[in-house]
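Engineer: Mind looking over this structure? Questions follow.
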Amino acid sequence: MALNVVILAAGKGTRMRSDLPKVLHPIAHKSMVQHVIDTAHQVGSDAIQLVYGYGADKLQAKLGEQQLNWVLQAEQLGTGHAVAQANDNISDDDTVLILYGDVPLIQASTLEALLAAREDNGLAILTVNLPNPTGYGRIVREDGNVVGIVEQKDANAEQLAISEINTGIMATPGKQLKAWLGQLSSDNAQGEYYLTDIVAMAHKDGVAITTAQPESAVEVEGANNRVQLAQLERAYQARAAEKLMLEGANLRDPARIDIRGDVTVGMDVMIDINVVIEGKVTIGNNVTIGAGAILIDCEISDNAVIKPYSIIESAKVGVDASAGPFARLRPGAELKQDAHIGNFVEMKKAVLGKGSKAGHLAYIGDATIGAGVNIGAGTITCNYDGANKFQTIIEDNVFVGSDTQLVAPVTIGEGATLGAGSTITKDVAAGELVITRVKQRHLTGWARPVKQKK
C-alpha cells in the first residue's frame, strides 16, 4: 500500500490578523506547513496532497518548487469537505494519512506509532487526554471501543465530561475513506462537513478502529493566533535545546537559545545565552560559543572558540581557531587551524592560514592568506573596482603593518614585511620590506586656525 498524505492548509487564520495565510507563519524560521511536509517525508510518504484555499499565490510562491499535489478548496466548508477535494488523487489501496498545516510539532515517531496501530483496512486515530478538553471533539467509547467523535458544540453534558479528545490526525484506507466522505452531511451546529463523522461510519461498517497517543500533547496543538504561535515556538525551542543537551552540549540557559535549523554537536560543547543557530550547522568537540553569537550554515571544528556577538555564516572555523568578539565570517570564509580573528574583523570568500591572526578592525575579502601571517589593525584588501572583484594572495609568514591597503590583484611573497600605513598596488617579493608612506614633515612656527567670534 502506498502512503498518501493529505495536509489541510486552506484556512485564512483570521485571528492571526495578517495577510499571510495561517500555515505560512513560522516556527523556528520555517513555515508551520513546511514542518508538516518535512515530517510527512520522514514517515515515507509516497505522495502529498496539499489542500489549499486562501492565499494560494503566497503558498505556491513559498512551497511551489516541492513535489506536492495542489488541491484547491474553493469554499471552506469543513474538514470533511477539505479532504474530499483530494479524492481524485487517492487510490483505493492507498493508506491515507491526514495531517494539518497548522499543527507543526507532530513528530515522525508519533505518526509511525499511529500507522503501526492501524489494523489491516482499519481506521487509526490519534487521540490525547487533556485536563481541560474544552473546544475539542470528544472520543466516544463503548466497552473501551471507539464508536464515534462528537464535536464540542454538538456534545451533551455526559460527553462534555470526556477528557480524551480527537486531534484530527488519522490513518485510513483509501477506498473506505472516499465512500465515507460521500456520506457526510452538514446537518450540525456548525453547518459543516465534519471529517470526524467518518469514525461513526467506520464503526457502523464494522471497520476496526484503533487509537494511538503522542508522547506530548504539545505535538498536536495548533496555532490560531500569535499568542499560540509564540507558545509553539517556545515548545519547539525547548525540545530542540533538550536534544542538544542529550547529545553533549552544555547550555548556559536552555530557555535562551534559538535553534532554527539542523544542528549537530560533539561532546563538551559550551553554548552561552542568546545564541542563534540557523540552517545546517555542525559543531565539533570542546567548542565554546559565546553569548549572542549567530551561527548560520557553518562548520565549527574541535576546540574552536566563537567569542560573544560574532556572526559565522556559510563559513568554516578550523581546529583550535577562534573568532571574535564582534567578528564576522561571511560566506566562503575559512579560518584554518589555530587561526584567529578579533573584534570588528570581517572576512568574505577568504582563507586565513594556520596560526595566522587578524586581531582587530580589518576587512579581508577575496583573499588567500598563508600560515603564520600577522594582519595589523585597519588592514583592508581593496578587492573591488566598482565592476569586478580581484584576488589578494599573502604567502606564509608575512607581517602586514597597521592601516595597510592591499589593492588587488596583488601578491605578497613569503616572509615580506609591509610597513604601517602603506598602500600596496604592486606585487611584493619574498622577504622584502615595503613602505609607501609619504615622508613625515615637521613645520615649526605653525599656528592652528582660531574660530572667529560672531
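Positions of Cβ are set from backbone N, Cα and C atoms, glycine also.
Marked as region 'Pyrophosphorylase' by Swiss-Prot on the basis of sequence analysis: 1-226. Annotation source Swiss-Prot lists UDP-N-acetyl-alpha-D-glucosamine binding site at 8-11, K22, Q73, 78-79, 100-102, G137, E151, N166, N224, R330, K348, Y363, N374. Positions annotated as Mg(2+) binding site by Swiss-Prot, on the basis of sequence analysis: D102, N224. Feature annotation from Swiss-Prot assigns region 'Linker' to 227-247. Swiss-Prot lists 248-454 with the feature region 'N-acetyltransferase'. For H360, the entry in Swiss-Prot reads active site, proton acceptor. The annotation acetyl-CoA binding site is assigned in Swiss-Prot to A377, N383, Y384, S402, A420, R437 on the grounds of sequence analysis.
Just tell me what is around each of these and how deep it sits.
Structural biologist: When Cβ atoms from all protein chains are considered, those within 10 Å of G101 (UDP-N-acetyl-alpha-D-glucosamine binding site) total 26, not counting its own.
Counting only same-chain residues at least 6 apart in sequence, those with a Cβ under 8 Å from the Cβ of N224 (Mg(2+) binding site) are G13, R15, M16, K22, D102.
According to DSSP, the secondary structure content of the region 'Linker' (227-247) in residues is 21 helix, 0 strand, 0 coil.
Note: H360 (active site, proton acceptor) has non-local neighbours G342, N343, F344, V345, A377, i.e. same-chain residues 6+ apart with C-beta under 8 A of its own C-beta. The DSSP secondary structure for H360 (active site, proton acceptor) is strand.
In the three-state DSSP reading, N383 (acetyl-CoA binding site) counts as coil. There are 23 other Cβ atoms within 10 Å of the Cβ belonging to N383 (acetyl-CoA binding site).
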Engineer: Which residues does L8 (UDP-N-acetyl-alpha-D-glucosamine binding site) neighbour through Cβ under 8 Å, counting only same-chain ones at least six apart?
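Structural biologist: When sequence neighbours closer than 6 are ignored, L8 (UDP-N-acetyl-alpha-D-glucosamine binding site) has V51, T79, A82, V83, I98, L99, Y100, G101 within Cβ distance under 8 Å.
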Engineer: Using a Cβ-Cβ cut-off of under 8 Å, list the residues of the same chain that are 6+ residues beyond the ends of the region 'Linker' (227-247) and lie near it.
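Structural biologist: Distant Cβ neighbours of the region 'Linker' (227-247) are 16, 25, 27-28, 32, 104-105, 218, 221, 254-255, 257-259, 263-265, 269, 271.
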Engineer: Which ones in the same chain are close to E151 (UDP-N-acetyl-alpha-D-glucosamine binding site), with CB under 8 Å and 6+ residues apart in sequence?
Structural biologist: G137, N188, A189, Q190, Y194, T196
Engineer: Would you mind pulling the DSSP three-state label for A420 (acetyl-CoA binding site)?
Structural biologist: coil
Engineer: Considering Cα atoms only, can you say which of G11, G78, R330, N374 is the nearest neighbour of R437 (acetyl-CoA binding site) among these binding-site residues?
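Structural biologist: Closest by Cα distance to R437 (acetyl-CoA binding site) among the binding-site residues G11, G78, R330, N374: N374.
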Engineer: Residues with Cβ closer than 8 Å to the Cβ of Y384 (acetyl-CoA binding site), same chain and 6+ apart in sequence?
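Structural biologist: Same-chain residues close to Y384 (acetyl-CoA binding site) (Cβ under 8 Å, separated by 6 or more) are G365, F390.
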Engineer: In whole Å, how far does the CA atom of G78 (UDP-N-acetyl-alpha-D-glucosamine binding site) lie from that of N383 (acetyl-CoA binding site)?
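Structural biologist: It is 60 Å, counting Cα to Cα.
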Engineer: Can you give the largest Cα to Cα distance in Å, as a whole number, for the residues A377, N383, Y384, S402, A420, R437 that bind acetyl-CoA in the record?
Structural biologist: 23
